[in-house]
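Notes follow the structure.
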């Protein structure tokens, strides 16, 4: 019978070491492994049963693989596959059965304090510690009353994709017997590593932890710790396991790698072959350093490449000003930097900012003039095609034969007379001929500006432009790069797609008679190859590739051992729940705020607002037509504001009297009556010259024979009544107009869908709601707007001008084509013509109509007392429609630019998709008004037929879709009339009132460069893809890289939640 002496841990350790030495000797001698014979019904190792030599009186727990009768040295590597197969094929020799050992008594464990403690029972385990001992694992050799070393208890991890991002933490002891053994099929037995020293995980986690798995996804090294990552399935659920591996075995040798690995790091290290020598932070920092060096030298190495020949020698135009203009030579302006981009203008000895004194279109490279002279002679600086002209006009007889001068073909300078210019010929139909040097219609300060159709003869001068310089616009390394014109000399002739280049122009390629210029990396690389690979172009290619190399390094480092596709599918695709559509309902919603309608859910228009970029255009004071007068029952001696002070208001009379181009008239009514002043009637000749000798006045004196003097009732018929009227255009002190430009306007419609707010625009006309998707037929945005904030005698209101003005056409004198002063003190536009005064009787049928433009009607009114009468004054519209007047602003503007003429179409998608009906009949009463091929949209209005939405086409061009009813839209027209309109069915002819661009131009005026805008062309997707193949390829690469990065980030965040708070 076996001894019942208590077994200590030291005795157990010595026995295990002796057994290990015996096994090593046996394996060294080449002896085969001995196996304990089993009954035939118990050959299967997976079944549990009693051994043949064990007594049936008491069960015995097997200890790991030793319970199967297999002995193996765990501190050494497993035998090769050939030897393992050979050993399995041999039949083991039978051995005599051993006597069943007695059930051992509970041993005594050394406590280190001279005492002993009962050893755990080796029977059925009752706790995790006993279960670990029963599996053959021991606690580490240390004093249990002292603190365990760091390596005594380590942490491994498990997580399952079926349970979400939930991590399970398993704390266990290391076995110090080396690498864990293998089963007979060559798989690991993780149960031999399970020796928990922390809380017992749930049963399904323990079952997953003990699941055998031979595939290893990777071996991770961090400091002195090593982990093996595995993934496997348990009952259809995919699990991930991260196991802590021992660093050294009992005999001091390094632990070998597991035999079944699917990936192995090839980077070598002297100590740990599978460790990574350099991690991602070092590689990423090195890449950032290279990128910083490359970008830092990009400005020096990246220069636009111009493939050009030697520039031709251009003759300089002469600067002859003539002997008669020597006193004006010191006033010639000289542009400091770029005149059309805010340069300086020298007037006399003073330098002023060009933006303060020049018209607005001067700065935009258009046409304009600036008056530098006094009232007696017109001296102007004119600007057109980014060139400056010095124009002088005075009363000197013209020379007999002027000699014109024409510059070289490559120069854009206009013709310049070699001699002093002469004034224009008399007559409005004459022109300056060879004397014209680019000066256009002047706006002079004196009234004698009626010669040559307002064309002023003059000299042309040019300033010395700086040489043409280019720069490259880098956009984060994304092709194509653009060429930026820093300074431009017009004589060089650089153009971008046929349009002359100006400072600030951005273009992929510039062309001139001297060659081409580009910043494209492909062209730069080609030119670099042709020029023996110069350093600057090689550096350009390197800078282009560095960002993509860094992205590739980061993506490869982040995604090399993570399932990017699975994580992207799980996080991105599974996280998006598209709305389920059902029936389609279509209705309309009025555009007034507060309107509501009922689709499957109630929809209400909460409000309308628009967003834009605002640029202040200054302020101006509009011209104001003001008139006053008096009705007197006698002929006054002094017909003026002073002489008529008792009948005429003093303030308006003085304001009108001091105005420009005033009209003042005095009428004598019933002058041929007997007595009194009747003898003066013979002196009322048409000019009233004799009357002026006795009654000094600045007014015109005219008789008014035939008018009734009933206004002065209660007098004899021989009395004489006089009427005095005064009118002029003045600057009203309480009327101002401020101009603001709105660009990139976008209308935002604020809807309330079943209580949920939703904003729709032309870019995003959809609303995703819990009830379905709402699609809104949003009218097009108004485009560029001009806001006129008019403050007339304290009553402020805003008017809106649609579209950008045509400053090179009929809008050259409009408010938006001027640069106004901030203090609203500038009067804009040409000086108004003199108003016309007319005396009209009270019963004249003419009073049933309205006064004509520039007319003022004066009517005497009978007073309520004797010798008392009054005047009724009616003023007509202004006599010049191209000048800034309140009526001009009201005629060319609207009060609500973003209010569409028709309702909003609402399409609500809810169960059975149905196709929306489309109108197949032609629209009715379609009218087209505007201009074609001029870059500005024309107005198209009419009535859409019923039966569904009308997809309107004008001469084959798609204009838009409109619901049944009245529609108003704007469209760019490329063809002249007639216009055929259709809604998908038969076409009908529309009435048209359009003009071409030639009808908008002035004769004899030189304009700046402008392009003709056309409507958007139609092309197929294949044509579009062929034209943008490079952008599509680059976009696909960027999308793949971005998807990989997002997948890595999503998966990291997905698992980080469970790693921070494991269960």
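From the backbone N, Cα and C atoms, a Cβ is placed for every residue, glycine too.
Ranges compared are 523-542, 543-562, 563-582, 583-602, and Swiss-Prot records region 'Functions as E1 signal peptide' for 563-582. Swiss-Prot assigns the feature transmembrane segment to one of the listed ranges (1008-1028, 1029-1049), namely 1029-1049. Around the Cβ of residue 658 (N-linked glycosylation site), the same chain contributes 730, each under 8 angstroms and 6 or more positions distant in sequence. Reported as a whole number, the C-alpha separation between residue 791 (N-linked glycosylation site) and residue 759 (N-linked glycosylation site) equals 33 Å.
Taken residue by residue with DSSP, residue 658 (N-linked glycosylation site) is part of neither helix nor strand, so it is coil. In the structure as shown, the Cβ atom of residue 759 (N-linked glycosylation site) sits within 10 Å of 13 other Cβ atoms.
Within the model, the topological domain 'Cytoplasmic' (556-582) shows a mean pLDDT value of 43, rounded to a whole number. The Cβ of residue 791 (N-linked glycosylation site) has 15 other Cβ atoms within 10 Å, all protein chains considered. Taken residue by residue with DSSP, residue 759 (N-linked glycosylation site) is part of a strand.
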